[in-house]
Structure formats: C-alpha cells, structure tokens
Amino acid sequence: MAFITEVMIMNILSIFASLFVFQIWLERSSHIRYAKTKAIFGFSAISILWCMVFPLDKFDSFILDLRQVPIIIGSLYGGPIVAVGLFLLTLIARYIFFGADGYLTFLLMYLLLTPILIYFSRKFLQLTLKRKIIRSTMVSLGFSLFILVIITLFNSSHLDANLLLKLVIFPPVSMGMIIYIVEIVLNNYHLRQELIKSEKLAVISHLAASISHEVRNPLTASRGFMQLLQQGYTSPEKMRTFLDIAIKELDRAEGIIQDYLTFAKPAEDKKEAINVSSEIKKIVEILQPLANMNSVELDFSLAPYMVFGERSKFKQCVINVAKNAIEAMPEGGKLSLHIERKGDYVYLNVSDTGVGMTKEQVDRLGEPFFTTREKGTGLGMMVVYSIVDSFGGKVKVKSEKGLGTTFTILLPMYKNAVEVIG
C-alpha cells in the first residue's frame, strides 16, 4: 500500500510539474494560439508518458494509472487536434510499454473517450470555473466507471476497496484539483496581462500631456518666424536664417512625435537579417552634421555581424543613443561606436566623453519622464529600451560624472551568420 501511495504521489506531482513549466512558458512565449496548442500537447504528452512508466497497479491485461487526467485536461483545453494527437500518442506508447496483451480492450475504451472529449472541448473554455470542474470530473468518473465495468466482467475477484480507490476515487478527485489549479494559473496570467496593458495606457496618457507641451513650443516658434517672413521687411540673409530655424523646430516636433508613436504603438514592420556594420555606416552619415555642429569627433570600428529584427527600429535605437551622447558633450568631445562579438551576442558600444551621470541617474534610465537634459522628455531612452527588448537584447550602461558614458547594446546574433562587408 505504501508503494501505491508513493506512485500516486509521483503521478500527481508529474502533472503538477508540467503545469508549473507551462506557466513559465506562458509568461515568456509569444502567445500565438498555434504555439499554445503545441505547448498543451507537449506538456500533456510528457505527463501521459510519466504516468504510464509508473502505473498505480497491474493485473491480468489491465494497467491502472493516471494517464486519463492529462489526456482529458489536454483535450479539453487544447481542442480536437490535441485530443486526436494524445489519442495516437497513447496508442503507440501503450503498445511499446505493455505489448499487445489487452490492447483491443484498451483501444475500444479510448475510441469511445476521444470523441466525447472532442465534443466537450468545443465550448469548454467558455464555461465558468465551477462548470469546468464538474464537467471534467464527470468525464473522468464516467471513464473510470466504464473501466471498472470491463474489469469486473473479465474478473470480478479484483473488485475491492483498493481498486475503487485507485480507479474510481483518485482520478476524478485529482482531475478536479488540477482543473482548479489550471484555472488559477490562467487567471493570474490574464490579470498580469491586463495590469501591464493598463499601466502602459496610464504612461501613454501622461506622456500625451508632455508631448502636447513639447510639440507646441517648436510649432509656436516656427509660426513666429513665418509671420516675420510674411511681413516682408527682412533681408534675404535673415530670411534664410528664419527658414533654417523654422525647419529645425519643425524637425524637432516631428522627432518628438515619432518617438511617442514608436513607444505607444510599435509598428509591425518587416523583420529581416540586418548587417550591423552597414547600418552603422549609414547612421554615422546621418549623425556627422550634428557632430560637426557640436565639435564632436566621430570614431567607429566595424565588424561583419548580423542581427535579426526591424531595420528602421534598429536605426532609430542607435540614433537615439548617439544623439544623447552628442548632446552630452556641449564643449565638444569624442563619440565612439564599436562593434564586437561575445558568445552568441553582438555588442554595440556607444561611448562619449561628456558630462556623465551619477549611479542614481543611470538606474532611472528608460523610466517615463526621466531625463538628464533640461529640454528633454525621456522618450528617446524609453524607445531605446523598448526596441532593444523587442530584439531580445539588453542594455548596459556605465557612466561616471565628468568622465563620460558608455552604452552597451547586446543583441542576439542572427544564426551565427557572418557577412563580409564590401
């Protein structure tokens, strides 16, 4: 009896372990329905095989175990495709583990169970928790009673309290417990997703007020210069100056809006292999006029590494970091962009010789509204962190007040590909 109790615990713990792994996967997956279906099948299959390897009891041609629990749960939550897949898996595993003895009886039982599970799975996810527990428990109890009838017909001498415990009581009770835990896991996941969504909406709402103020300033300045030009009393030289200033202010407003839109609603652009060196060359060309205007020397070294993601977002991410670095050197200085590989990651180091930051400022980088500049909004760094996260990468920052700052962007290398730059 002690062995039976130990095996029962091993069976139920194997199912709980699969649930735990499923919860971790749920938090880190892309949440595509097809991927979820495969995950439900995979975790259910592991539990089924474990239960078959460690059965509760064996006599004649019958093997008693808890495989029906993961079969029923996987089928009800995964749908018809998972139900058929688990049925076929169980058929194959039953033959491999226990041979042909009693196989036809086993086949008959599961040929009856699978269509029932497919029928109930269609509206199972829309049921309340109470109804889910009742329905799944009743299916398990009905299947257990069906097995009990077959065993009794073959050999009634096996009918005792121990058999009733292992076959009629333990599986349905386990079913109800596990369904309850599954629902807790799923409800917690959905609550976390709603919390994340509401927090992001709150941040966007606060940012909208900041954006309207930041955009109004350059628009007001541009309007003033346009009014001066409209009066026609300015010299050609001043007209060019006014137009240059107005264009720069409008560009500034456009940049603020673009940063906001990228953070609020990231665009689903085409993902592709990106030659980091080629993009850095283009970025340096874009930054060169700004660097010259601020007496900043640009230094860069290239290496032929590839990453995978959205090209426009990669460019925007690096430009945001580099622009911040240039603006952190009001008296001029040196900006270095260096690429290297460490393990399976491409390291992009952006270093400046600017004013630097304190540890407290570094720790707050990427937070809403936080900026080290008088006229900044903090949007640029928020976008940087958001984009790097979408690439599956990380951002590391080292800085010392008065000595400068180094941003290190770690991005996963694309299939260890190396492309020679011409």
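Cβ from N, Cα, C; glycine included.
Per TrEMBL, domain 'Histidine kinase' is recorded for 210-415.
Sequence annotations record features per position, and here TrEMBL assigns transmembrane segment to 7-26 (among others).
The annotation transmembrane segment is assigned in TrEMBL to 38-56 (among others). Listed by sequence, the residues of this chain that lie at least six past the ends of the transmembrane segment (38-56) yet keep a Cβ under 8 A from its Cβ atoms are 4, 7-8, 10-11, 14-15, 18-19, 21-22, 25-26, 29, 63-67, 69-71, 73-74, 77-78, 81-82, 85-86, 89-90, 93-94, 97, 166, 170.
The annotation transmembrane segment is assigned in TrEMBL to 76-97 (among others). Sequence-distant neighbours of the transmembrane segment (76-97) (same chain, 6+ residues past either end, Cβ-Cβ under 8 Å): 37, 40-41, 44-45, 48-49, 52-53, 63, 67, 70, 103, 106-107, 110, 114, 117-118, 120-122, 124-125, 132, 135-136, 182.
The transmembrane segment feature in TrEMBL is assigned to 103-121 (among others).
The transmembrane segment annotation in TrEMBL covers 133-155 (among others).
Listed by sequence, the residues of this chain that lie at least six past the ends of the transmembrane segment (167-186) yet keep a Cβ under 8 A from its Cβ atoms are 8, 12, 15-16, 19, 22-23, 26, 56, 64, 66, 68-69, 72-73, 77, 129, 132-133, 136-137, 139-141, 143-145, 147-148, 151. If you look up TrEMBL, you'll see 167-186 (among others) marked as transmembrane segment.
Under 8 Å from some Cβ of the transmembrane segment (103-121) lie the Cβ atoms of residues 61, 68, 71-72, 75-80, 83-84, 87, 90-91, 94-95, 135, 139, 143, 146-147, 150, all in the same chain and six or more residues away from its ends. Listed by sequence, the residues of this chain that lie at least six past the ends of the transmembrane segment (133-155) yet keep a Cβ under 8 A from its Cβ atoms are 59-60, 62, 68-69, 72-73, 76, 105, 109, 112-113, 116-117, 120, 124, 127, 163-164, 167-168, 171-172, 175-176, 179-180. For the domain 'Histidine kinase' (210-415), the model gives a mean pLDDT of 80.
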